[in-house]
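Let me begin by presenting the structure, written as structure tokens, before commenting on it.
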Amino acid sequence: MGRVALAAIVSSWVILVTVLVNRVVPDPYMDEIFHIPQAQQYCKGNFKSWDPMITTPPGLYYLSLAQVASLFGFYSIKDTSSFSDLCSSAILRSVNGVLAVICCIILYDVITHLKPALDDRKKMLQAVVLSLYPLHWFFTFLYYTDVASLTAVMAMYLASLKRNYWLSALIGAFSVVIRQTNIIWVLFVACTGILDYSLNHRKGIVGKAKSDVCINNPSSENSTGKSNVGLYVKKRKSVKSVDTVESSLPRTPAPTFASSGLVSEVQTILLMLWHKKWEILVLFSPYLLVFVAFILFVRWNGGVVLGAKEAHTVTPHFAQILYFGLVSILALAPMYFSIAHSLDLLHLLRRYGPLCCFFQGFVALIAGFLSVHFFSVAHPYLLADNRHYPFYLWRKIIMAHWSIKYLLVPIYLCSWLSIIHMLGKFQRKIWVLAYFLATAAVLVPAPLIEFRYYTIPFYFLVLHSNFQDSEKWFLTGILYIGVNIFTMMMFLFRPFHWDHEPGIQRFIW
């Protein structure tokens, strides 16, 4: 019932806004001028044609062909001309509308697996609010790869949570065919699966040993009135054997993971990986196959991106990870900006002591200043294209004065402190480290500041943070709705013109 209700809720706004967008902006816009003609070439059966300006693989076009065929019948494929006529801009855009509905249902299932204690209404609320996330919501109505990419990654993660690793790797391979950087999330999902398998297997060993221990009072008597001294001696031997088993492996972190250090968690994982190396290799080999195939593709292609390689060269852009932290915190403002969360952070700082906090803070500040000074990239697209909101944020805020980008560093670091603290309360420290490394691997090589790149790491952040207050979720949904209305109104009803280029220009993320 929850899935049907979710599909109905999301479909209601998808249909209405899709009709409005196609009526006001019927022609391809921005990156659509590359994607839509390319998809139409595929509809004509011309699979050898390729626009050299397209950087991503043709996964979205394959999904489009499948949807058009399913909507109008496979018989239409026989007539190539009529089938190609069906691949209009409106039909191709509707692919993302369908995927948005599917993605919401997948998010609901992921939430169910990660937070089984939640009731159905709270799970539905969280899935709906996540579907309203502005960067995901806006591109639902345009023919971009973002919605398909997110849907595939979440489906891959859901299959992994169900421990169907072959299906998960297969979906992950297709997610890479949609967008190459998803290979990082394939590896991340594989790592999380290995972490869960290793630590759960260790719990099973210890739990099985403990189940053999008979916990009785040594001073009590049995039903025959005889002393249990002999039984007590046997029990002590059993307890000793259990202690031997447990001492051979580091302790499993507590549910809050507050007392467990990163080093001990790494030791636990490495020890279990060594003892179960062949089982783990066989179990998670599908992900390894996907990774090997990706390496072969990169070698054959001469790089990660397909087209426009000169504009998308890998550049160390460490400031990008700082931007992501601030954008994520702002997107979750009702969750983070609260008295309880502030007191929680103060308690954390007090627990570690002023000297430790000062040293760590000093090192983080130095790293932040170095990142924004030496590794803050101003891509030519960012400087020249005033249709994107990052253009105005860069010129009006970050570059308003030479000192602004340095003054923002403490804010970036506080944002990441909040993120790490929130994740660390409910996730293993090694999981938090894996998440940070995966996010950095996706964002740091990207020279262009595109908030669309933040979508998948943002979803993993929210799904693994224990935000359960329905009022805060509701406020977050209201915030998203307000942002979505503003950005869509600006896109549809505030067009402008360039002197050097004909045509109507529109504001976009």
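Quick reminder: no glycine exception, Cβ is built from N, Cα and C everywhere.
Some features that TrEMBL has for this protein:
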- 6-25: transmembrane segment (TRANSMEM)
- 59-78: transmembrane segment (TRANSMEM)
- 90-112: transmembrane segment (TRANSMEM)
- 165-195: transmembrane segment (TRANSMEM)
- 280-300: transmembrane segment (TRANSMEM)
- 320-340: transmembrane segment (TRANSMEM)
- 352-377: transmembrane segment (TRANSMEM)
- 397-420: transmembrane segment (TRANSMEM)
- 432-453: transmembrane segment (TRANSMEM)
- 473-493: transmembrane segment (TRANSMEM)
Spatial neighbours of the transmembrane segment (280-300) far in sequence, C-beta under 8 Å, 6+ residues away: 165-166, 168-170, 172-173, 176, 180, 183, 186-187, 189-190, 193-194, 197-198, 273
Stretch contact, the transmembrane segment (473-493) with the transmembrane segment (6-25), Cβ-Cβ under 8 Å, 3+ pairs: yes
The transmembrane segment (432-453) and the transmembrane segment (6-25) contact flag, 3+ Cβ pairs under 8 angstroms: no
Candidate ranges 90-112, 320-340, 397-420 - greatest C-beta contact count to the transmembrane segment (6-25) (under 8 angstroms): 90-112
